[in-house]
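**Q** I grabbed these lines from TrEMBL:
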- 60-83: transmembrane segment (TRANSMEM)
- 161-180: transmembrane segment (TRANSMEM)
- 200-224: transmembrane segment (TRANSMEM)
- 236-256: transmembrane segment (TRANSMEM)
Amino acid sequence: MSNSTNQKYSQSFEKLGFIPRSIIRTINRFNQQVTQKSTELLIYEFKISRYQTIASLKCFLTFLIIPLIFHFLLNLSISNFVLQKKLINEEKLSWEFQLNSYYLETENFDEEYFFNTLLIEDFYERGHLRINSRRLDFLKQLRINQLFIIQNKCCNICSDCLTFIFLILLIRFSIPQIIILKSFFLEFLYNLSDTTKSFFLIFITDLLVGFHSSQAWELVLLLIFNRFGFLIQHDILLLIISIFPVILDTIFKYWIFRFLNKISPSTVATYQNMLE
């Protein structure tokens, strides 16, 4: 037992000599810089950094451009298929959101046109006939528009879901490129100063969970609801806006306390000073 422990101690600790180890390390570094190996090492590091930058840029553009092209072509093909096969016709016009807007536009047209016809002298003789003919034309055009909107929203749902699946598969088969992109991004963050990192941290947190972020979240949710044709319920909308930023704020604070405090304590100290 004693021999094994002595071997472990001899392997884990270096022997002390007359010359300090820091001086020996400094001399070794100086020799590496003076000799030809230093230039080879610099060239090797430059090649690695260049390869990392090019690979990261290719990976970023791949994840940005290819899903957009795939989504555009898929949406175009689905819309052409729906129009040719007539999968959605006038008899299937049954979405609640579209029917509500259909009813409101019809009612507004009736009120506006009725008010305009009151100014005509022969309204009591031919006014009702004009209202009926104009109303039928308006209803036909409105029904065509609503049918086109429903077809567009169905195509959006199908194309977005398939694009999301395609993006997951693309990430699954691009793990080495993602590792290179992650290392490049982390190296870029580490090279920033503590003040710059704290500035970006405050900017992101205020943008997502700040005082005025509720209006941005409301706009994003309205765009999502309108894109997929969902019925907009303001109670649910307010509930999501009031809960989701609080959850994000809690996650940010936990990440800062748990991980960022271990990686870069000076950044956390600068961040707290900037908040104060």
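Cβ coordinates come from backbone N, Cα and C, glycine included.
Any TrEMBL annotation is an automated prediction that lacks curation.
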**Q** Using a Cβ-Cβ cut-off of under 8 Å, list the residues of the same chain that are 6+ residues beyond the ends of the transmembrane segment (200-224) and lie near it.
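**A** Same-chain contacts beyond the ends: 192, 230, 232, 237, 240-242, 244-246, 248-249, 252, 256, 267, 271, 274-275.
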**Q** For the transmembrane segment (161-180), could you work out the same-chain residues 6 or more beyond its ends whose Cβ comes under 8 Å from its Cβ atoms?
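**A** Same-chain contacts beyond the ends: 52, 55-56, 58-59, 62-63, 66-67, 70-71, 74.
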